[in-house]
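Listed in Swiss-Prot:
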SIGNAL    1-26  signal peptide
REGION    27-461  region 'Catalytic'
ACT_SITE  Glu238  active site, nucleophile
ACT_SITE  Glu243  active site, proton donor
CARBOHYD  Asn296  N-linked glycosylation site
DOMAIN    496-532  domain 'CBM1'
DISULFID  Cys504-Cys521  disulfide bond
DISULFID  Cys515-Cys531  disulfide bond
Amino acid sequence: MLASTFSYRMYKTALILAALLGSGQAQQVGTSQAEVHPSMTWQSCTAGGSCTTNNGKVVIDANWRWVHKVGDYTNCYTGNTWDTTICPDDATCASNCALEGANYESTYGVTASGNSLRLNFVTTSQQKNIGSRLYMMKDDSTYEMFKLLNQEFTFDVDVSNLPCGLNGALYFVAMDADGGMSKYPTNKAGAKYGTGYCDSQCPRDLKFINGQANVEGWQPSSNDANAGTGNHGSCCAEMDIWEANSISTAFTPHPCDTPGQVMCTGDACGGTYSSDRYGGTCDPDGCDFNSFRQGNKTFYGPGMTVDTKSKFTVVTQFITDDGTSSGTLKEIKRFYVQNGKVIPNSESTWTGVSGNSITTEYCTAQKSLFQDQNVFEKHGGLEGMGAALAQGMVLVMSLWDDHSANMLWLDSNYPTTASSTTPGVARGTCDISSGVPADVEANHPDAYVVYSNIKVGPIGSTFNSGGSNPGGGTTTTTTTQPTTTTTTAGNPGGTGVAQHYGQCGGIGWTGPTTCASPYTCQKLNDYYSQCL
């Protein structure tokens, strides 16, 4: 509680200071390259199975952009080092430097088409670009804010070209909808230029935070030619829907004492970028579900139950205690759909850690068995994660390699000095020598990930639980509105009988209430029962 209160006071102080600085010392916008956001559609669905297509856009994060002196082409930042003549301190740097528009395909390897977004790993133009991080936008100056309590989030993904050491991550963070522009008048770039990022690691590698540069105390990275760390970090709650390559995957909630964006200082930030990992106000570890780590070593991967050699659908459900969007988050469930078949998440096989979803009971038992610090509970657990989901979060789609731990925490044995037979150590089949960024960048420059077919709606509305079509079993009709398309999902219960994992009851449910043999209708809450 003390940490939470302290963070809130720091946050309010930062707001006041930013306002006092005025527009004379501002994070500027360049004029050399027009910023044109690639279009990407996604769908919002209703309980009846009707889905409306939204014409969204994506924007690349400010950290990837060219930063140059206002009025000419002199770099403010080259490689992993600031020009201290232009940038002697945070405020002066923000006043002197501008973020430039992006050429998405040729510079960053980002291509969008319809409901699909492809992110290439290495792209070489005038400079070599590694990976990318993009946000879904509502319009050209505002991020789309997703509120997922009592909802499910569904998307298709192709990870077939992601080897060991890479992470195609799709997740949510509690950024400000305008990128912090209204809170911090010195931020003149805003969401249009991808500002305002934060996550549960309280990253200190950001070049700009709260409308100021992060040059003070900046230390160039010893193993990343493009990055470094400054005195400040940017914290907020994070819901990792999907962190994956073709070998391993995990989904992980990360709560914070204050759900929204808060600036931190030095090692008090905690997380990956600080000497005291658990010294901050966020949970850097989260409560993860990695099927391999939970004991099922044949569930996810090439040729396995979820076959990563081809595209599949990922369904994540955020279930509340009362079945409403104002309830308390009590469970995060996961399903997959591939080749017309609904695949439930694998069960944990460890004695004492049961289930195939994230609950408070699962997290407590898992942390105990794996001998991990229960920082998840300390920072609010599922209730804390639910607070962030309730206020709205920004969708992030990214591809990255790991200069801190070579992604071994996702796809190999970690820590590498521990025995692979120790509970929680083995996370995938990748060798402990794999994932070194220099090696991955040299050997797999053609790696890529594709995200597509994003749908959001009430539990059971975004995919066909009867299992006839991995895309949701929908038929499409065009409405008279020029910017929307309405689709209607096929009946998840078939001909009067709900199939495995289909809805079979709940307040307001008018579909089938009988389950196909041998399944029975089990009540999850007053509003949703499911064939299990």
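Positions of Cβ are set from backbone N, Cα and C atoms, glycine also.
Locations of recorded Swiss-Prot features on the structure.
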residue: Glu238; record: active site, nucleophile; Cβ within 10 Å: 26
residue: Glu243; record: active site, proton donor; Cβ within 10 Å: 23
residue: Asn296; record: N-linked glycosylation site; Cβ within 10 Å: 18
residue: Cys504; record: disulfide bond; Cβ within 10 Å: 28
residue: Cys515; record: disulfide bond; Cβ within 10 Å: 23
residue: Cys521; record: disulfide bond; Cβ within 10 Å: 18
residue: Cys531; record: disulfide bond; Cβ within 10 Å: 24
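Across the region 'Catalytic' (27-461), the prediction's mean pLDDT works out to 97. When the alpha carbons of Cys531 (disulfide bond) and Cys521 (disulfide bond) are compared, the span between them is 5 angstrom.
Here the CA atom of Asn296 (N-linked glycosylation site) lies 27 Å from the CA atom of Cys521 (disulfide bond). Checking each of the recorded positions Asn296, Cys504, Cys515 against the residue listed as 'active site, proton donor' by C-alpha distance, the shortest gap belongs to Asn296. Cα-Cα distance from Asn296 (N-linked glycosylation site) to Cys504 (disulfide bond): 29 Å (rounded to the nearest whole number). For the pair Cys504 (disulfide bond) and Cys515 (disulfide bond), the Cα-Cα distance reads 7 Å.
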